[in-house]
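*Asks:* First the structure, which I've put down as C-alpha coordinates, then a few questions once you've had a look.
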Amino acid sequence: MSGRPVRKVVIAGGGTAGWTVAAALVKNIGSLVEIVLVESDAIGTVGVGESTIPTARRFHELLGIDEREFVRATQASFKLGISFENWTRDRERYFHSFGTVGRSTWMADFQHMWLEARAMGVAGPLEDYSLETQAALTGKFRAGSGEGSSLNYAYHLDATAYGQYLRGFAEPLGVTRIEGKIGDVRLNPESGFIASLVLDNGEIIEGDLFIDCTGFRALLIEGALETGYEDWTHWLSTDRALAVQTKAVGPARPYTRAIAHRAGWQWQIPLQHRVGNGLVYSSAHLSDDDAIRLLESRVEGEMLTDPRLIRYVSGTRRASWNRNCVAIGLSSGFVEPLESTSIHLIMIAVTRLLQLFPFSGVNEALAARYNDLSRTELEGIRDFIILHYHLNERAGEPFWDRCRIMEIPDSLASRIALFRESATAFQANDELFRIDSWVQVMLGQGLQPDSHHALGRMIGAERLGGSLASLAANIRQQAGSLPQHQAFLDAFSPQAQPSG
Ligand SMILES: Cc1cc2nc3c(=O)[nH]c(=O)nc-3n(C[C@H](O)[C@H](O)[C@H](O)COP(=O)(O)OP(=O)(O)OC[C@H]3O[C@@H](n4cnc5c(N)ncnc54)[C@H](O)[C@@H]3O)c2cc1C
(Lines of atoms letter the chains of each structure in order from A and count residues from 1; the text may use other names and numbers.)
(Lines give C-alpha, C1' and ligand atoms only; values in the text may rest on other atoms or scores of the structure.)
Protein backbone atom coordinates (compact mmCIF):
# COMPACT_ATOMS: atom_id res chain seq x y z
CA MET A 1 0.00 0.00 0.00
CA SER A 2 1.14 3.62 0.50
CA GLY A 3 4.34 4.28 2.35
CA ARG A 4 3.42 7.93 2.74
CA PRO A 5 3.35 8.94 6.42
CA VAL A 6 -0.02 10.11 7.65
CA ARG A 7 0.25 13.77 8.55
CA LYS A 8 -3.24 14.96 7.68
CA VAL A 9 -6.52 13.25 8.52
CA VAL A 10 -9.70 14.40 6.80
CA ILE A 11 -12.99 13.48 8.46
CA ALA A 12 -15.95 13.64 6.09
CA GLY A 13 -19.17 14.25 8.02
CA GLY A 14 -19.99 15.79 11.36
CA GLY A 15 -22.69 13.70 13.01
CA THR A 16 -22.10 11.77 16.22
CA ALA A 17 -19.51 9.68 14.37
CA GLY A 18 -17.59 12.58 12.83
CA TRP A 19 -17.31 14.58 16.02
CA THR A 20 -16.57 11.54 18.19
CA VAL A 21 -13.71 10.63 15.88
CA ALA A 22 -12.48 14.22 15.75
CA ALA A 23 -12.52 14.54 19.55
CA ALA A 24 -10.67 11.28 20.14
CA LEU A 25 -8.04 11.87 17.46
CA VAL A 26 -7.25 15.45 18.42
CA LYS A 27 -7.11 14.66 22.12
CA ASN A 28 -4.75 11.73 21.68
CA ILE A 29 -2.62 12.34 18.60
CA GLY A 30 -3.39 15.96 17.75
CA SER A 31 0.24 16.92 18.29
CA LEU A 32 1.31 14.62 15.45
CA VAL A 33 -1.40 14.97 12.83
CA GLU A 34 -3.49 17.77 11.41
CA ILE A 35 -7.23 17.07 11.63
CA VAL A 36 -9.83 18.61 9.35
CA LEU A 37 -13.58 17.89 9.47
CA VAL A 38 -15.96 18.72 6.62
CA GLU A 39 -19.68 18.81 7.22
CA SER A 40 -22.75 20.27 5.61
CA ASP A 41 -25.37 21.99 7.71
CA ALA A 42 -27.69 21.82 4.71
CA ILE A 43 -27.58 18.02 4.77
CA GLY A 44 -27.74 17.63 8.55
CA THR A 45 -27.41 14.47 10.62
CA VAL A 46 -29.58 11.40 11.08
CA GLY A 47 -30.88 12.98 14.30
CA VAL A 48 -31.43 9.75 16.26
CA GLY A 49 -29.09 7.64 18.39
CA GLU A 50 -29.95 8.71 21.92
CA SER A 51 -29.51 5.56 23.99
CA THR A 52 -26.02 4.40 24.91
CA ILE A 53 -24.30 1.59 26.77
CA PRO A 54 -21.59 1.91 29.47
CA THR A 55 -18.77 2.22 26.90
CA ALA A 56 -19.75 5.90 26.69
CA ARG A 57 -18.62 6.47 30.28
CA ARG A 58 -15.26 4.82 29.76
CA PHE A 59 -14.79 6.70 26.50
CA HIS A 60 -15.59 10.03 28.15
CA GLU A 61 -13.11 9.24 30.92
CA LEU A 62 -10.48 8.60 28.26
CA LEU A 63 -11.13 12.04 26.79
CA GLY A 64 -11.25 13.67 30.22
CA ILE A 65 -14.86 14.80 29.75
CA ASP A 66 -16.53 16.11 32.90
CA GLU A 67 -19.67 14.05 33.51
CA ARG A 68 -21.72 16.84 35.05
CA GLU A 69 -20.92 19.25 32.21
CA PHE A 70 -21.72 16.57 29.62
CA VAL A 71 -25.03 15.65 31.30
CA ARG A 72 -26.07 19.29 31.41
CA ALA A 73 -25.03 20.06 27.82
CA THR A 74 -26.75 17.04 26.29
CA GLN A 75 -29.88 17.04 28.51
CA ALA A 76 -28.86 13.51 29.41
CA SER A 77 -30.49 11.14 31.84
CA PHE A 78 -29.05 7.90 33.24
CA LYS A 79 -29.67 4.43 31.89
CA LEU A 80 -29.38 1.13 33.77
CA GLY A 81 -30.55 -1.17 30.99
CA ILE A 82 -33.47 -1.94 28.71
CA SER A 83 -36.95 -3.10 29.59
CA PHE A 84 -38.14 -5.55 26.92
CA GLU A 85 -41.91 -5.59 26.85
CA ASN A 86 -44.19 -7.93 24.88
CA TRP A 87 -41.24 -9.73 23.25
CA THR A 88 -42.33 -13.19 24.26
CA ARG A 89 -46.06 -12.58 24.52
CA ASP A 90 -48.19 -9.52 25.12
CA ARG A 91 -47.97 -8.11 28.65
CA GLU A 92 -44.79 -10.01 29.50
CA ARG A 93 -41.63 -8.12 30.40
CA TYR A 94 -38.00 -8.84 31.18
CA PHE A 95 -35.08 -6.56 31.92
CA HIS A 96 -31.62 -6.56 30.38
CA SER A 97 -29.48 -4.69 32.89
CA PHE A 98 -25.91 -3.49 32.60
CA GLY A 99 -25.13 -5.05 35.96
CA THR A 100 -24.18 -8.48 37.12
CA VAL A 101 -26.90 -10.95 37.98
CA GLY A 102 -26.37 -12.92 41.17
CA ARG A 103 -23.01 -14.28 42.21
CA SER A 104 -21.12 -16.75 40.08
CA THR A 105 -18.52 -19.21 41.35
CA TRP A 106 -15.43 -20.45 39.54
CA MET A 107 -17.20 -23.73 38.84
CA ALA A 108 -20.60 -22.56 37.72
CA ASP A 109 -22.14 -19.27 36.70
CA PHE A 110 -25.08 -17.93 38.66
CA GLN A 111 -27.79 -19.15 36.30
CA HIS A 112 -26.94 -22.77 37.13
CA MET A 113 -27.57 -22.18 40.83
CA TRP A 114 -30.67 -20.15 40.11
CA LEU A 115 -32.13 -22.84 37.86
CA GLU A 116 -31.52 -25.47 40.54
CA ALA A 117 -33.03 -23.24 43.22
CA ARG A 118 -36.05 -22.61 41.00
CA ALA A 119 -36.51 -26.35 40.46
CA MET A 120 -36.36 -26.78 44.25
CA GLY A 121 -38.92 -23.99 44.71
CA VAL A 122 -36.56 -21.72 46.65
CA ALA A 123 -35.74 -19.03 44.04
CA GLY A 124 -37.37 -15.70 43.30
CA PRO A 125 -37.50 -14.16 39.80
CA LEU A 126 -34.08 -13.64 38.16
CA GLU A 127 -34.63 -9.87 38.40
CA ASP A 128 -34.41 -10.05 42.20
CA TYR A 129 -30.68 -10.73 41.95
CA SER A 130 -29.53 -7.69 39.98
CA LEU A 131 -29.05 -4.35 41.71
CA GLU A 132 -29.28 -2.42 38.43
CA THR A 133 -32.59 -4.11 37.57
CA GLN A 134 -34.08 -3.49 41.00
CA ALA A 135 -32.94 0.15 40.97
CA ALA A 136 -34.30 0.66 37.43
CA LEU A 137 -37.68 -0.87 38.11
CA THR A 138 -38.16 1.21 41.24
CA GLY A 139 -36.94 4.39 39.49
CA LYS A 140 -33.83 4.72 41.68
CA PHE A 141 -30.38 5.91 40.70
CA ARG A 142 -27.11 7.31 41.96
CA ALA A 143 -23.96 7.94 39.91
CA GLY A 144 -20.51 7.25 41.24
CA SER A 145 -19.47 4.76 43.87
CA GLY A 146 -20.98 6.51 46.88
CA GLU A 147 -22.57 4.93 49.93
CA GLY A 148 -23.81 1.43 49.59
CA SER A 149 -23.66 0.79 45.90
CA SER A 150 -21.95 1.37 42.65
CA LEU A 151 -24.17 0.98 39.61
CA ASN A 152 -23.05 0.14 36.10
CA TYR A 153 -24.81 2.68 33.93
CA ALA A 154 -24.90 4.59 30.64
CA TYR A 155 -26.80 7.61 29.33
CA HIS A 156 -29.77 8.74 27.31
CA LEU A 157 -28.67 11.87 25.46
CA ASP A 158 -29.91 14.42 22.94
CA ALA A 159 -28.16 13.36 19.70
CA THR A 160 -27.95 16.84 18.20
CA ALA A 161 -26.70 18.38 21.43
CA TYR A 162 -24.13 15.59 21.77
CA GLY A 163 -22.63 16.38 18.34
CA GLN A 164 -22.46 20.05 19.27
CA TYR A 165 -20.90 19.23 22.64
CA LEU A 166 -18.18 17.12 21.02
CA ARG A 167 -17.58 19.84 18.47
CA GLY A 168 -17.13 22.31 21.33
CA PHE A 169 -14.62 19.87 22.80
CA ALA A 170 -12.67 19.18 19.59
CA GLU A 171 -12.40 22.59 17.93
CA PRO A 172 -10.48 24.34 20.72
CA LEU A 173 -8.02 21.43 20.73
CA GLY A 174 -7.20 22.09 17.09
CA VAL A 175 -9.71 20.41 14.76
CA THR A 176 -10.42 22.62 11.73
CA ARG A 177 -14.06 22.54 10.66
CA ILE A 178 -14.96 23.27 7.05
CA GLU A 179 -18.58 23.91 6.19
CA GLY A 180 -19.51 22.69 2.72
CA LYS A 181 -21.06 19.98 0.63
CA ILE A 182 -18.76 17.29 -0.72
CA GLY A 183 -19.57 17.00 -4.43
CA ASP A 184 -16.78 14.73 -5.57
CA VAL A 185 -14.19 12.35 -4.18
CA ARG A 186 -10.99 12.18 -6.27
CA LEU A 187 -8.84 9.08 -6.39
CA ASN A 188 -5.15 8.78 -7.12
CA PRO A 189 -5.18 7.05 -10.55
CA GLU A 190 -2.17 4.87 -9.68
CA SER A 191 -2.85 3.72 -6.12
CA GLY A 192 -6.64 4.02 -6.12
CA PHE A 193 -6.29 5.83 -2.79
CA ILE A 194 -8.46 8.84 -2.04
CA ALA A 195 -6.51 11.96 -2.95
CA SER A 196 -8.98 14.71 -2.12
CA LEU A 197 -12.55 15.79 -1.48
CA VAL A 198 -13.97 18.42 -3.78
CA LEU A 199 -16.61 20.70 -2.32
CA ASP A 200 -19.48 22.21 -4.30
CA ASN A 201 -17.83 25.63 -3.97
CA GLY A 202 -14.74 24.27 -5.73
CA GLU A 203 -12.56 23.97 -2.64
CA ILE A 204 -10.26 20.93 -2.74
CA ILE A 205 -9.33 19.20 0.52
CA GLU A 206 -6.35 16.88 0.30
CA GLY A 207 -5.31 14.40 2.96
CA ASP A 208 -3.37 11.24 3.77
CA LEU A 209 -6.06 9.34 5.65
CA PHE A 210 -9.80 9.87 5.15
CA ILE A 211 -12.43 8.93 7.71
CA ASP A 212 -15.84 8.40 6.15
CA CYS A 213 -18.46 9.61 8.63
CA THR A 214 -21.02 10.61 6.00
CA GLY A 215 -23.71 8.36 7.48
CA PHE A 216 -25.88 6.13 5.30
CA ARG A 217 -24.62 8.02 2.22
CA ALA A 218 -21.16 6.43 2.65
CA LEU A 219 -19.75 8.85 0.07
CA LEU A 220 -16.14 7.73 0.35
CA ILE A 221 -16.12 4.05 1.32
CA GLU A 222 -18.92 3.14 -1.10
CA GLY A 223 -19.50 6.11 -3.40
CA ALA A 224 -15.84 6.39 -4.33
CA LEU A 225 -14.24 3.08 -3.34
CA GLU A 226 -17.18 0.73 -4.05
CA THR A 227 -16.29 -1.48 -1.12
CA GLY A 228 -19.58 -3.41 -1.11
CA TYR A 229 -22.20 -4.10 1.55
CA GLU A 230 -23.21 -7.35 3.18
CA ASP A 231 -26.95 -7.27 3.64
CA TRP A 232 -28.28 -8.93 6.85
CA THR A 233 -31.96 -8.21 6.20
CA HIS A 234 -32.74 -11.94 6.03
CA TRP A 235 -31.88 -12.06 9.76
CA LEU A 236 -32.77 -8.55 10.81
CA SER A 237 -35.76 -7.70 8.68
CA THR A 238 -36.85 -4.37 10.14
CA ASP A 239 -35.89 -1.70 7.60
CA ARG A 240 -37.66 1.49 8.66
CA ALA A 241 -38.04 3.68 11.69
CA LEU A 242 -40.28 6.60 12.56
CA ALA A 243 -38.81 8.97 15.12
CA VAL A 244 -40.80 11.52 17.11
CA GLN A 245 -40.17 13.61 20.21
CA THR A 246 -42.76 14.00 22.94
CA LYS A 247 -43.20 15.93 26.17
CA ALA A 248 -42.42 13.97 29.30
CA VAL A 249 -45.47 12.89 31.27
CA GLY A 250 -43.67 11.98 34.47
CA PRO A 251 -40.26 11.52 36.06
CA ALA A 252 -37.54 10.22 33.71
CA ARG A 253 -37.18 6.45 33.97
CA PRO A 254 -33.55 5.29 34.32
CA TYR A 255 -33.90 2.82 31.44
CA THR A 256 -34.85 2.53 27.79
CA ARG A 257 -38.11 0.79 26.91
CA ALA A 258 -38.21 -1.53 23.88
CA ILE A 259 -41.83 -2.53 23.38
CA ALA A 260 -42.62 -5.10 20.72
CA HIS A 261 -45.53 -4.54 18.33
CA ARG A 262 -46.96 -6.64 15.52
CA ALA A 263 -44.18 -5.89 13.02
CA GLY A 264 -41.22 -4.65 15.08
CA TRP A 265 -40.80 -2.63 18.24
CA GLN A 266 -41.09 0.83 19.73
CA TRP A 267 -38.44 2.74 21.68
CA GLN A 268 -38.92 5.19 24.50
CA ILE A 269 -35.87 7.17 25.65
CA PRO A 270 -36.39 9.69 28.46
CA LEU A 271 -34.20 12.80 28.46
CA GLN A 272 -34.31 15.77 30.80
CA HIS A 273 -36.33 18.03 28.50
CA ARG A 274 -38.32 15.54 26.42
CA VAL A 275 -38.75 11.88 25.49
CA GLY A 276 -37.36 10.33 22.30
CA ASN A 277 -39.75 7.82 20.71
CA GLY A 278 -39.59 5.69 17.65
CA LEU A 279 -41.22 2.83 15.87
CA VAL A 280 -38.94 0.29 14.22
CA TYR A 281 -40.71 -1.92 11.69
CA SER A 282 -40.52 -4.18 8.68
CA SER A 283 -41.98 -2.44 5.64
CA ALA A 284 -42.97 -5.84 4.26
CA HIS A 285 -45.33 -6.27 7.23
CA LEU A 286 -46.49 -2.74 8.02
CA SER A 287 -47.16 0.21 5.69
CA ASP A 288 -45.75 3.63 6.55
CA ASP A 289 -49.28 5.00 7.08
CA ASP A 290 -50.17 2.19 9.48
CA ALA A 291 -46.84 2.68 11.24
CA ILE A 292 -47.59 6.36 11.79
CA ARG A 293 -51.02 5.52 13.17
CA LEU A 294 -49.54 2.85 15.41
CA LEU A 295 -46.85 5.18 16.73
CA GLU A 296 -49.34 7.98 17.37
CA SER A 297 -51.60 5.61 19.26
CA ARG A 298 -48.77 4.41 21.47
CA VAL A 299 -46.73 7.46 22.45
CA GLU A 300 -47.32 8.97 25.87
CA GLY A 301 -47.39 12.77 26.00
CA GLU A 302 -47.87 15.55 23.47
CA MET A 303 -45.88 15.17 20.24
CA LEU A 304 -43.35 17.96 19.81
CA THR A 305 -42.31 17.03 16.26
CA ASP A 306 -43.84 15.28 13.26
CA PRO A 307 -42.86 11.62 12.87
CA ARG A 308 -39.76 11.40 10.68
CA LEU A 309 -39.16 8.38 8.46
CA ILE A 310 -35.70 6.78 8.32
CA ARG A 311 -34.91 3.91 5.97
CA TYR A 312 -32.04 1.50 6.59
CA VAL A 313 -30.66 -1.88 5.65
CA SER A 314 -29.10 -3.86 8.50
CA GLY A 315 -25.71 -5.13 7.46
CA THR A 316 -22.06 -4.27 7.22
CA ARG A 317 -19.62 -2.78 4.78
CA ARG A 318 -17.40 -5.59 3.42
CA ALA A 319 -14.40 -3.78 4.85
CA SER A 320 -14.53 -0.74 7.12
CA TRP A 321 -10.93 0.11 6.32
CA ASN A 322 -10.31 0.11 2.57
CA ARG A 323 -7.14 1.66 1.13
CA ASN A 324 -6.67 5.02 2.90
CA CYS A 325 -10.29 5.29 4.00
CA VAL A 326 -11.78 4.12 7.30
CA ALA A 327 -15.57 4.18 7.56
CA ILE A 328 -16.89 4.86 11.06
CA GLY A 329 -20.52 5.22 12.09
CA LEU A 330 -23.46 4.52 9.80
CA SER A 331 -21.21 4.57 6.72
CA SER A 332 -19.57 1.36 8.00
CA GLY A 333 -22.88 -0.44 8.40
CA PHE A 334 -25.82 -0.61 10.74
CA VAL A 335 -27.25 -3.29 12.93
CA GLU A 336 -30.67 -2.10 13.95
CA PRO A 337 -30.88 -0.12 17.19
CA LEU A 338 -32.44 -2.68 19.56
CA GLU A 339 -29.49 -2.87 21.95
CA SER A 340 -28.23 0.72 21.37
CA THR A 341 -24.87 -0.46 20.09
CA SER A 342 -24.02 2.01 17.28
CA ILE A 343 -22.46 4.76 19.38
CA HIS A 344 -20.50 2.09 21.22
CA LEU A 345 -19.21 0.83 17.86
CA ILE A 346 -18.14 4.36 16.91
CA MET A 347 -16.22 4.75 20.16
CA ILE A 348 -14.58 1.34 19.84
CA ALA A 349 -13.75 1.99 16.18
CA VAL A 350 -11.86 5.20 16.91
CA THR A 351 -10.14 3.60 19.91
CA ARG A 352 -9.06 0.74 17.67
CA LEU A 353 -7.92 3.20 15.01
CA LEU A 354 -5.78 4.98 17.59
CA GLN A 355 -4.23 1.66 18.59
CA LEU A 356 -3.51 0.68 14.98
CA PHE A 357 -2.92 4.18 13.63
CA PRO A 358 -0.85 4.14 10.38
CA PHE A 359 1.59 6.86 11.41
CA SER A 360 4.23 5.70 8.91
CA GLY A 361 1.80 5.07 6.09
CA VAL A 362 -1.28 2.98 5.41
CA ASN A 363 -0.43 -0.68 5.17
CA GLU A 364 -2.42 -3.78 4.42
CA ALA A 365 -1.59 -5.64 7.61
CA LEU A 366 -2.93 -2.87 9.84
CA ALA A 367 -6.09 -2.57 7.76
CA ALA A 368 -6.63 -6.34 7.82
CA ARG A 369 -6.21 -6.49 11.60
CA TYR A 370 -8.61 -3.59 12.07
CA ASN A 371 -11.18 -5.20 9.78
CA ASP A 372 -10.89 -8.60 11.49
CA LEU A 373 -11.41 -7.15 14.96
CA SER A 374 -14.31 -5.00 13.80
CA ARG A 375 -16.07 -7.88 12.10
CA THR A 376 -15.74 -10.26 15.04
CA GLU A 377 -17.25 -7.72 17.38
CA LEU A 378 -20.04 -6.80 14.99
CA GLU A 379 -21.02 -10.41 14.35
CA GLY A 380 -21.34 -10.98 18.10
CA ILE A 381 -23.65 -7.97 18.35
CA ARG A 382 -25.60 -9.12 15.30
CA ASP A 383 -26.17 -12.56 16.86
CA PHE A 384 -27.24 -11.04 20.15
CA ILE A 385 -29.87 -8.91 18.42
CA ILE A 386 -31.14 -11.73 16.22
CA LEU A 387 -31.60 -13.76 19.43
CA HIS A 388 -34.33 -11.37 20.65
CA TYR A 389 -36.31 -11.76 17.44
CA HIS A 390 -35.79 -15.45 16.93
CA LEU A 391 -36.84 -16.60 20.40
CA ASN A 392 -40.26 -14.97 20.39
CA GLU A 393 -43.54 -16.63 21.27
CA ARG A 394 -45.82 -14.24 19.38
CA ALA A 395 -47.48 -16.98 17.34
CA GLY A 396 -49.92 -15.97 14.60
CA GLU A 397 -48.27 -12.66 13.68
CA PRO A 398 -46.58 -13.02 10.26
CA PHE A 399 -43.55 -10.87 11.12
CA TRP A 400 -42.83 -12.77 14.33
CA ASP A 401 -43.68 -16.17 12.85
CA ARG A 402 -41.06 -15.55 10.18
CA CYS A 403 -38.47 -14.55 12.79
CA ARG A 404 -39.12 -17.75 14.74
CA ILE A 405 -38.68 -20.09 11.80
CA MET A 406 -35.90 -18.24 9.94
CA GLU A 407 -32.45 -19.78 9.55
CA ILE A 408 -30.05 -18.09 11.94
CA PRO A 409 -26.25 -17.79 11.79
CA ASP A 410 -24.47 -21.03 12.83
CA SER A 411 -22.65 -19.10 15.53
CA LEU A 412 -25.96 -18.20 17.17
CA ALA A 413 -27.58 -21.59 16.56
CA SER A 414 -24.77 -23.35 18.42
CA ARG A 415 -24.92 -20.86 21.26
CA ILE A 416 -28.66 -21.38 21.66
CA ALA A 417 -28.21 -25.18 21.54
CA LEU A 418 -25.52 -25.00 24.22
CA PHE A 419 -27.74 -23.00 26.53
CA ARG A 420 -30.81 -25.13 25.83
CA GLU A 421 -28.93 -28.34 26.58
CA SER A 422 -26.80 -27.22 29.51
CA ALA A 423 -27.60 -23.62 30.62
CA THR A 424 -24.06 -22.70 29.59
CA ALA A 425 -23.41 -19.22 28.22
CA PHE A 426 -20.13 -17.60 27.30
CA GLN A 427 -18.48 -14.38 26.19
CA ALA A 428 -16.01 -15.00 23.39
CA ASN A 429 -12.85 -12.92 22.90
CA ASP A 430 -13.50 -9.40 21.61
CA GLU A 431 -17.22 -9.88 22.15
CA LEU A 432 -19.23 -7.02 23.62
CA PHE A 433 -21.96 -8.80 25.52
CA ARG A 434 -21.09 -10.48 28.79
CA ILE A 435 -22.47 -13.78 30.08
CA ASP A 436 -24.97 -11.83 32.22
CA SER A 437 -26.39 -10.25 29.07
CA TRP A 438 -26.75 -13.52 27.19
CA VAL A 439 -28.36 -15.16 30.22
CA GLN A 440 -30.82 -12.33 30.88
CA VAL A 441 -31.97 -12.28 27.27
CA MET A 442 -32.05 -16.05 26.70
CA LEU A 443 -34.06 -16.67 29.86
CA GLY A 444 -36.07 -13.50 29.30
CA GLN A 445 -37.03 -14.67 25.81
CA GLY A 446 -38.24 -17.95 27.30
CA LEU A 447 -35.37 -20.30 26.45
CA GLN A 448 -35.59 -23.03 29.10
CA PRO A 449 -32.44 -25.15 29.56
CA ASP A 450 -32.94 -28.93 29.72
CA SER A 451 -30.23 -29.30 32.35
CA HIS A 452 -27.73 -27.30 34.37
CA HIS A 453 -24.60 -27.75 36.48
CA ALA A 454 -24.99 -29.85 39.64
CA LEU A 455 -23.32 -27.37 41.97
CA GLY A 456 -26.67 -26.12 43.28
CA ARG A 457 -27.74 -29.69 44.00
CA MET A 458 -24.57 -30.26 46.00
CA ILE A 459 -25.20 -27.09 48.01
CA GLY A 460 -28.71 -28.29 48.86
CA ALA A 461 -32.08 -26.56 49.05
CA GLU A 462 -31.71 -25.05 52.50
CA ARG A 463 -28.34 -23.37 51.99
CA LEU A 464 -29.04 -22.39 48.40
CA GLY A 465 -32.45 -20.93 49.24
CA GLY A 466 -30.98 -19.09 52.22
CA SER A 467 -28.16 -17.60 50.25
CA LEU A 468 -30.45 -16.47 47.41
CA ALA A 469 -32.88 -14.94 49.89
CA SER A 470 -30.14 -13.01 51.62
CA LEU A 471 -28.70 -11.83 48.27
CA ALA A 472 -32.12 -10.60 47.17
CA ALA A 473 -32.73 -8.89 50.51
CA ASN A 474 -29.36 -7.17 50.31
CA ILE A 475 -30.08 -5.93 46.79
CA ARG A 476 -33.55 -4.72 47.79
CA GLN A 477 -32.05 -2.86 50.71
CA GLN A 478 -29.32 -1.27 48.54
CA ALA A 479 -31.79 -0.25 45.84
CA GLY A 480 -34.13 1.13 48.48
CA SER A 481 -31.40 3.36 49.87
CA LEU A 482 -30.80 5.06 46.51
CA PRO A 483 -32.44 8.40 45.63
CA GLN A 484 -35.13 8.62 42.96
CA HIS A 485 -33.56 9.00 39.52
CA GLN A 486 -35.39 12.25 38.77
CA ALA A 487 -34.39 13.75 42.12
CA PHE A 488 -30.78 12.71 41.57
CA LEU A 489 -30.86 14.22 38.07
CA ASP A 490 -32.36 17.49 39.31
CA ALA A 491 -29.55 17.82 41.83
CA PHE A 492 -26.81 16.60 39.51
CA SER A 493 -27.77 18.80 36.60
CA PRO A 494 -29.65 21.72 38.17
CA GLN A 495 -31.45 22.83 34.99
CA ALA A 496 -33.12 19.40 34.83
CA GLN A 497 -36.81 19.65 35.48
CA PRO A 498 -39.43 17.14 34.37
CA SER A 499 -41.33 18.82 31.57
CA GLY A 500 -44.70 17.25 31.93
C1 LIG B 1 -33.71 4.58 13.76
C2 LIG B 1 -32.35 4.63 14.38
C3 LIG B 1 -32.23 4.61 15.76
C4 LIG B 1 -30.97 4.64 16.35
N5 LIG B 1 -30.85 4.54 17.71
C6 LIG B 1 -29.62 4.45 18.27
C7 LIG B 1 -29.46 4.33 19.66
O8 LIG B 1 -30.42 4.36 20.43
N9 LIG B 1 -28.20 4.20 20.15
C10 LIG B 1 -27.11 4.19 19.34
O11 LIG B 1 -25.99 4.02 19.83
N12 LIG B 1 -27.24 4.37 18.02
C13 LIG B 1 -28.45 4.49 17.47
N14 LIG B 1 -28.57 4.68 16.13
C15 LIG B 1 -27.37 4.88 15.33
C16 LIG B 1 -26.89 6.32 15.51
O17 LIG B 1 -27.93 7.21 15.15
C18 LIG B 1 -25.67 6.59 14.65
O19 LIG B 1 -24.72 5.59 14.84
C20 LIG B 1 -25.04 7.91 15.02
O21 LIG B 1 -25.99 8.93 15.01
C22 LIG B 1 -23.91 8.25 14.06
O23 LIG B 1 -24.40 8.64 12.82
P24 LIG B 1 -23.34 9.16 11.75
O25 LIG B 1 -22.58 10.27 12.36
O26 LIG B 1 -22.60 7.99 11.24
O27 LIG B 1 -24.26 9.70 10.57
P28 LIG B 1 -25.09 11.07 10.42
O29 LIG B 1 -25.68 11.52 11.70
O30 LIG B 1 -26.03 10.82 9.28
O31 LIG B 1 -24.01 12.13 9.99
C32 LIG B 1 -23.54 12.21 8.67
C33 LIG B 1 -22.75 13.49 8.49
O34 LIG B 1 -22.22 13.52 7.19
C35 LIG B 1 -22.52 14.77 6.60
N36 LIG B 1 -22.61 14.61 5.16
C37 LIG B 1 -23.29 13.69 4.45
N38 LIG B 1 -23.15 13.92 3.13
C39 LIG B 1 -22.34 15.00 3.01
C40 LIG B 1 -21.84 15.74 1.91
N41 LIG B 1 -22.13 15.44 0.64
N42 LIG B 1 -21.05 16.81 2.17
C43 LIG B 1 -20.74 17.18 3.44
N44 LIG B 1 -21.21 16.51 4.51
C45 LIG B 1 -22.00 15.45 4.30
C46 LIG B 1 -23.83 15.19 7.24
O47 LIG B 1 -24.03 16.58 7.12
C48 LIG B 1 -23.57 14.76 8.67
O49 LIG B 1 -22.81 15.73 9.33
C50 LIG B 1 -29.83 4.69 15.53
C51 LIG B 1 -29.95 4.77 14.14
C52 LIG B 1 -31.21 4.72 13.57
C53 LIG B 1 -31.32 4.78 12.07
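Including glycine, each Cβ sits where the backbone N, Cα and C put it.
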*Asks:* Do you know which of LEU32, LEU330, LEU356 TrEMBL groups with GLY14, GLY15, THR16, ALA17, ILE343 in the FAD site?
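*Replies:* Record check against TrEMBL: FAD site with GLY14, GLY15, THR16, ALA17, ILE343, extra candidate from LEU32, LEU330, LEU356 is LEU330.
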*Asks:* With every protein chain in view, how many other Cβ atoms are within 10 Å of the Cβ of ALA17 (FAD binding site)?
*Replies:* 32
*Asks:* Among GLY15, THR16, LYS79, LEU330, GLU339, ILE343, which recorded positions lie by ligand 1, judged by Cβ under 6 Å to any atom?
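*Replies:* GLY15, THR16, LEU330, ILE343, by Cβ distance under 6 Å.
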*Asks:* Between the Cα atoms of ALA17 (FAD binding site) and GLU339 (L-tryptophan binding site), what distance do you get, rounded to the nearest Å?
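*Replies:* Roughly 18 Å, rounded to the nearest whole number.
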*Asks:* Please report the three-state DSSP label of LYS79 (active site).
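*Replies:* SS state of LYS79 (active site) = strand.
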*Asks:* Compute the mean position of the Cβ atoms of GLY14, GLY15, THR16, ALA17, LEU330, ILE343, which form the recorded FAD site, and then list in sequence order the other residues of that chain whose Cβ is within 8 Å of it.
*Replies:* GLY13, GLY18, TRP19, THR20, THR45, VAL46, GLY49, GLY163, CYS213, GLY215, GLY329, ILE346
*Asks:* How many Å lie between the Cα of LEU330 (FAD binding site) and the Cα of GLU339 (L-tryptophan binding site)?
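*Replies:* The Cα atom of LEU330 (FAD binding site) is 15 Å away from the Cα atom of GLU339 (L-tryptophan binding site).
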